[in-house]
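A.B. asks: Encoded as structure tokens, here's the structure I'll be asking about.
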Amino acid sequence: MSKLIVGMVGFGVVGSSVCKTLLQNRAIINARAGKEIVLKSVVVRDKAKAEEKLKALNAQQVKVSDNIDDILEDSEIEVVIELMGGVEFAYQIAQKALLAKKAFITANKAMLAYHRYDIAPLAKGLPVGFEASVCGGIPIIRVLKDGLSANHIIAIAGILNGTSNYILTQMQQHNRDFQKALLEAQALGYAEADPTLDINGGDAGHKLLILASLAYGIHAMPEDILIEGIEGIKPDDIAFAKEFGYVIKLLGIAKKQDNQVELRVHPCMIKKGAMISKVDGVMNGISVVGDCLGESMYYGAGAGGEATASSVVSDIIAIARGESAAMLGFERTLDDTNHLRLKNKDEIYSRYYIRLYVSDKPGVLGQVSQILGKHNISISTFLQRQSDEEQNNVAKMLFSTHHCYEKDINGALAELVKFDFIIQNPYKIRIED
Ligand code: HSE
């Protein structure tokens, strides 16, 4: 059996799981690849730590180096796997690997969010695998690239970040404190090295951009799309959602209508009972609507070493089989790519939940509803909660609205904050019915 020799940059949670998977499932992997897959070298900052991990895996035959050139200049190595994270340095590795005529595999969604269209022309027919970059173990890249390739994609809505889903699940189902739930997610190895991107929607935004490139060929950067995180969600919002039959989830949404594509990541209130509302804990779930297939749903572990390694190794196998010459996909000219435009953030049309903390005095509700009305916002439901003991004279006003434009909601909230009766910045959550 011929060999496919690979080198890896970075040997953290995912890297060591890739090594473990290659050893543990060697027979089936090699049989499916049609080649013997050999992890020859890893490049790391801390050699001693990597050597210790390799010893624990009984894989001391893997060479350890702190010099990337040891992989790039090794003519035996045909595939470079980047698992270190970060953006610019990881991009340099992609460039160097492709210039050295090596196939490239990455799990790095942040780097692809910024550089996917730079990498495509460098590949020049060399395989670039990135199955692990979106939703860990769920093979959603292949679903869009292959399985649904006969469809126009009408919409994608997904829970794309396991850490934030874990935190929201803990908060909603177990009354857990935000910080405690985050610490648990970190301890379980789900969170990014800097969990800011898990919490602020950035990680889900990166993944959404990769999916949108495959589905629509849309050339957008993270700064071009609406991205909000879960940091602002309070127990009052959770209580409102429960009372009105909703669950709060952080969703990445891509929708195509006529020649416009809408891309956004933000917390949503979703009807309890909807399939995606049942995706709990660290799990990810993605609904994809295609014009031939209709809706399909993909569910599985979106974070964690072994789940992500499952996708990385699937890319290695695909390369061994010679299947993956056009794996990157972004360079494809889609029929309608030239005519598609990214929808402006202000044009988002949705229902909203609004939370206001106001001075509990006569006339405030009248003024609030007048301002909402002035901005074309029609109230659907309203709930006023009593002040907490420690916050005497504060009323919590919780609204849901009928459909309206983001521009109008933002205009109304900007006007409201100017009033003395507003105690805290207003907060909104979009409602996806
Ligand atoms: N930190 C990511 C998450 C890992 O929690 O989903 C997978 O990209």
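Cβ coordinates are placed from backbone N, Cα and C, and glycine is handled just like the others.
Note that this is a predicted model, so its numbers are computed, not measured.
The NADP(+) binding site annotation in TrEMBL covers Val9, Gly10, Phe11, Gly12, Val13, Val14, Gly15, Ser16. The feature coiled coil is assigned by TrEMBL to 40-67. According to TrEMBL, the NADPH binding site annotation covers Lys109. The L-homoserine binding site annotation in TrEMBL covers Glu192. What TrEMBL records for Lys207 is active site, proton donor. Under the heading domain 'ACT', TrEMBL lists 353-430.
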A.B. asks: Looking only at Val9, Val13, Val14, which of these binding-site residues has the biggest number of Cβ atoms within 10 Å around its Cβ?
C.D. replies: Val14
A.B. asks: Please report the number of other Cβ atoms within 10 Å of the Cβ of the residue listed as 'L-homoserine binding site'.
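C.D. replies: That number is 18.
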A.B. asks: Quick one: of the binding-site residues Phe11, Val14, Ser16, Glu192, flag those whose CB is under 6 Å from ligand 1, and say none if nothing qualifies.
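C.D. replies: Only Glu192 meet the Cβ criterion.
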A.B. asks: Let me make sure I understand the structure: which of the binding-site residues listed (Gly10, Gly12) has the fewest other Cβ atoms within 10 A of its Cβ?
C.D. replies: Gly12
A.B. asks: Can you give me the same-chain residues 6 or more apart in sequence from Phe11 (NADP(+) binding site) with a CB-CB distance under 8 Å?
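C.D. replies: Those within reach of Phe11 (NADP(+) binding site), by Cβ under 8 Å and sequence separation of 6 or more, are Cys19, Val42, Val44, Ala50, Lys53, Leu83.
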A.B. asks: So which other residues, same chain and not among Val9, Gly10, Phe11, Gly12, Val13, Val14, Gly15, Ser16, have a Cβ within 8 Å of the centroid of the Cβ atoms at the NADP(+) site?
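C.D. replies: My list of surrounding residues reads Met8, Ser17, Val18, Val42, Val44, Leu83, Met84.
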A.B. asks: Sequence gap of 6 or more, C-beta under 8 Å: which same-chain residues meet both conditions with respect to Gly15 (NADP(+) binding site)?
C.D. replies: Met8, Val42, Ile81, Leu83
A.B. asks: Would you count the other CB atoms within 10 A of the CB of Lys207 (active site, proton donor), including those on all shown protein chains?
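C.D. replies: A count of 26.
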A.B. asks: Of the recorded positions Lys109, Glu192, Lys207, which one sits closest to Ser16 (NADP(+) binding site) when you measure Cα to Cα?
C.D. replies: Glu192
A.B. asks: Once near-sequence residues are set aside, which residues in the chain of Lys109 (NADPH binding site), 6 or more away, have Cβ atoms under 8 Å from its Cβ?
C.D. replies: Ser133, Val134, Asp203, His206, Lys207, Ile210
A.B. asks: What is the Cβ neighbour count of Ser16 (NADP(+) binding site) at a 10 Å cut-off, with all protein chains included?
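C.D. replies: Around the Cβ of Ser16 (NADP(+) binding site), 22 other Cβ atoms lie within 10 Å.
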A.B. asks: How many of the residues that make up the domain 'ACT' (353-430) does DSSP mark as helix, as strand and as coil?
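C.D. replies: The breakdown for the domain 'ACT' (353-430) reads 25 helix, 33 strand, 20 coil.
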A.B. asks: Between Val9 (NADP(+) binding site) and the residue listed as 'L-homoserine binding site', what C-alpha distance do you get in Å?
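C.D. replies: If we compare the Cα positions of Val9 (NADP(+) binding site) and the residue listed as 'L-homoserine binding site', the gap is 17 Å.
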A.B. asks: Would you identify the secondary structure of Gly10 (NADP(+) binding site) according to DSSP, in three states?
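C.D. replies: DSSP call for Gly10 (NADP(+) binding site): coil, neither helix nor strand.
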A.B. asks: Averaged over the domain 'ACT' (353-430), what pLDDT does the prediction give?
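C.D. replies: Taking every residue of the domain 'ACT' (353-430) together, the mean pLDDT is 92.
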